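Working notes, beginning with the structure itself.
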Amino acid sequence: MASSASAAALLPLPLPSCSSSEDSDDGKHLPSPPALEANTSPAQQQKQKQKRRRQERDYNVAMKALALDGDVDEVVAVFAELKRTAGEGGDGGPPPNVLCYNTLANALAEAGREGEALKAFDEMLASGVAPNASSQNILIKMHARRLEFDLAWELIHKSGVEPDVGTYSTLIAGLCRAGKVVEAWGVLDWMLEKNCRPMVQTYTPIVQAYCRDGRIVEAKLLMAEMERLGCLPNVVTYNVLIRALCDGDRFDEVEQVLMESSTKDWKPSTVTYNIYMNGLCKKGRSTELKWYAGVVAYNTVMSSLCEMGKWRGIMKLLTDMIKKGIEPNTRTFNILVRSLCVGGKFSLAKSLIHSQGFAANVVTYNTLLHWFYYRGKLTEANRLISVMLENNVAPDEVTYTIIIVGLCREGKFDAATAYFLKSLTSGLSMDVLTVLLNRLVYADKIWEINRIFDGKDFVPDYHVFDLTIRTFCRAGYCHYRTFYKLNLILDTMLKRK
DNA sequence: GTAGGGTTAG
C-alpha cells in the first residue's frame, strides 16, 4: 500500500531538527529570484524572511480554522495559494514550512483522505522540508486507524525523530480505539521508563476505553489515580465519563458529577451540555433547551423532533435560534431538509439547495436522494445526481449505497451495477459492494454479477472472493443444482487475477 | 501558528 511506502520514505531523515522556516543559510531555498537578490541588502532580506514567516503563520491559522469547519477543500486551496505566493518571485521560492504541511496533512487525514495526506508528506520530503514529531504523530494516527500498529512501531523506532508525549499519546489513543487496552498500558509504562511525563491526553483514551466497555468503576478509579498523580482530569475526561453515564441511564450521577465540577477544578463546556442533552433526548426525556444551548444543542433537539415526526416544531426552533443570534450551520440545514422530506414537502426541500447562505454538501444530496428513491421518484433522483455533479459535490459511499439500493428496489439492476462500476473510480468500498451483491444474488441476476467482475478496472482480492462466496451460500446457491452459477462467477473472477 | 482525548446531520 501507499502508506507503507510513505512510512518508509520518512525513514531516512535529511536534517531532523531543521524546518524550512528556520534561518539556516544553506542556500537551498533562497526566497527571492537572483535579480532581486542582487540589489537587496541583508537587512531587506531579513525583512522579507520575517514577512514570509508571518504570512505562513497567518495561512496556517486560516487552514486550521477551515479544517475545524470541515472545509478540507478550502484548506487544500489555501495551501496551494501559500505555495503560489512563494513562487511569485519567479523561481519557485521556498516551500511552505513543516507546520503548514502538518496542518494540511492532518486536515486531509481527518477527512478520511489519507492518500492525499500521504502525498502531502511525500511532497514535503521532496522539497527538502524535514518532518518533526508532529508529522510523525499524524502518520502514526493514520496507521493506528488502519490498525497497522506494526508500521507505527517501525516508524517510531527507525525514523530518528525522538518520540514526544504526543507520539505516545497518539499511539495509546489508537490502541484504545482498537480495543487493545492492555497494549495501551504497555505504552504508558514504556513512556514512564523513558521519563516522559504523561498528560491528560495520555490518560483520557484509557478512561474512554473503560467507559466504552461499561467499566465505569475502573474509569472512575483511573480518574482518581490521575488526581493523585497531579494530572487532573479535565473537561474532556469528564465528558467521556458523562457520556458513559448517560448511556447507562445514570442521569443522577451526571448531575452529581456536574455539581462537583467547581470543587474538582474543571468547568463544563457547551460540549458537556450537548452530551448531557443528547443523552436525555435519546431516552426521550427532554426536549427543553436551556440558556446555554448552542448550535449543536439545537441540532440535536431538532434531529430528535424529526425522529418523532414533529417537523413543525423544527421550524419553530429554527426561528427561535435565529432570533437568539445563533447561526444555523450545514447540519442544521440538513436536518431541516430531512424533516421537510419526512413531511412530504419535497419541492421546498429541493429548493433549499439553491438558496443563498447555505452550501449543500454530500449529506444534503444523500438525504434528498434517499427520499426521492423511497418515493419512487426516479427522474427526480437522476436530475439531482446531475445537479450534484454540476456543483462539484463528490458522491461518497453513502451516496452510492443509496443509489444502488434505490435502483435495485425498482428492479433496475443493470443501472445499479453501472453505478457501482462508476464508484470504483474513487476506490473500492466493501460496504457498497456488499449491498449490491446482496441485492443481485437474491434477485438471481447472474449476468449483472458477471459484469461486475468482468470489467478491466476491478481485480478481486481475497476479501472480495470471501464476500462473494458467502453471499451466494447464504442465498442458498451452494445447493448442487444451483452451484454452477457461483462457479460461473468464480471463473470470471479468477480470469481477472 | 502544527500533533495527542470529548458533541450534532445522510
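The backbone N, Cα and C atoms fix where each Cβ goes, glycine too.
Note: TrEMBL annotation is automatic and uncurated.
Since this is a predicted model, take the numbers as computed values, not measurements.
According to TrEMBL, the protein carries these features:
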- A:1-57: region 'Disordered' (REGION)
- A:1-21: compositional bias 'Low complexity' (COMPBIAS)
- A:97-131: repeat 'PPR' (REPEAT)
- A:164-198: repeat 'PPR' (REPEAT)
- A:199-233: repeat 'PPR' (REPEAT)
- A:234-268: repeat 'PPR' (REPEAT)
- A:294-328: repeat 'PPR' (REPEAT)
- A:361-395: repeat 'PPR' (REPEAT)
- A:396-430: repeat 'PPR' (REPEAT)
Non-local residues, at least 6 beyond the ends, that sit with Cβ under 8 Å of the repeat 'PPR' (A:199-233): 165-166, 168-169, 172-173, 176-177, 179, 181, 184-185, 188, 191, 240-241, 243-245, 248, 264-266
Positions whose Cβ lies under 8 angstroms from the repeat 'PPR' (A:361-395), at least six residues beyond its ends: 330-331, 333-334, 337-338, 341, 346, 349-350, 353, 402-403, 405-407, 409-410, 412, 423, 426
Three-state composition of the repeat 'PPR' (A:199-233), taking helix and strand from DSSP: 26 helix, 0 strand, 9 coil
Residues of the parent chain within Cβ reach of the repeat 'PPR' (A:234-268), under 8 Å, 6 or more residues beyond its termini: 200, 203-204, 207-208, 211-212, 214, 216, 219-220, 223, 226, 275-276, 278-280, 282-283, 285
DSSP-assigned states of the repeat 'PPR' (A:396-430) in counts, ordered helix, strand, coil: 28 helix, 0 strand, 7 coil
Structural state census, the repeat 'PPR' (A:234-268) (DSSP three-state): 22 helix, 0 strand, 13 coil
